[in-house]
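These features come from Swiss-Prot:
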- 25-45: transmembrane segment (TRANSMEM)
- 86-106: transmembrane segment (TRANSMEM)
- 107-127: transmembrane segment (TRANSMEM)
- D138: active site (ACT_SITE)
- 149-169: transmembrane segment (TRANSMEM)
- D153: active site (ACT_SITE)
Amino acid sequence: MKLRKTKFFSQLKHQVLTANQKPFLFYKLTMIGFVGFIILLQVFILRNALNGEMDNTMVANSGFINIYVIRNKGVGFSLLQNQTGLVYFLQGLLSVIALVFLVFMVKYSYIFWITTLAFGSLGNFFDRLTSANDSVLDYFIFQNGSSVFNFADCCITFGFIGLFFCFLIQMFKEFKHSKNQ
């Protein structure tokens, strides 16, 4: 049993070191620093700018996307509204999974999207953690829409969409490569 644990940790260490060699590690750290900083900065700048607005208040009506401020204690579409512990767990879990994937990722094309996803989730997690009533401030709404969302939600959504397209492109390239052989 001990031998298997040692072998597992040895392989894990090898994978981490392989996935994080100097030029690639520099790229990852740059993405984490730059993208993470920009996302968290935007989350808190927008939160502070809109925090003084009353709940359910229309702040700006620009046409396509309007600003309508509400507090949301749940996750997407206000699901799990009164289950604060589960909401924290799910957002924390998403952040941890994304960061673990980031540590082991060896493809440049995925790094930006995983970082965007991870820090969007962390933005919501920290927004909720620092609010007085365990809620996030949602403020964007499409014209004639009913769903209200925030910048961190956009980062999570675009992170998943970007990862999906990267995965499709990779599958297409591998299929094309295997077909040519």
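Just so it is clear, glycine is given a Cβ too, placed from its N, Cα and C backbone atoms.
Tertiary proximity for the transmembrane segment (107-127) is limited to same-chain residues at least six positions away from its ends with a CB under 8 Å from its CB atoms, namely 24, 27-28, 31-32, 35-36, 39-40, 42-44, 47, 88, 91-92, 94-95, 98-99, 101, 136-137, 150-160, 162-163, 166, 169-170.
Between D138 (active site) and D153 (active site), the C-alpha separation comes to 9 Å.
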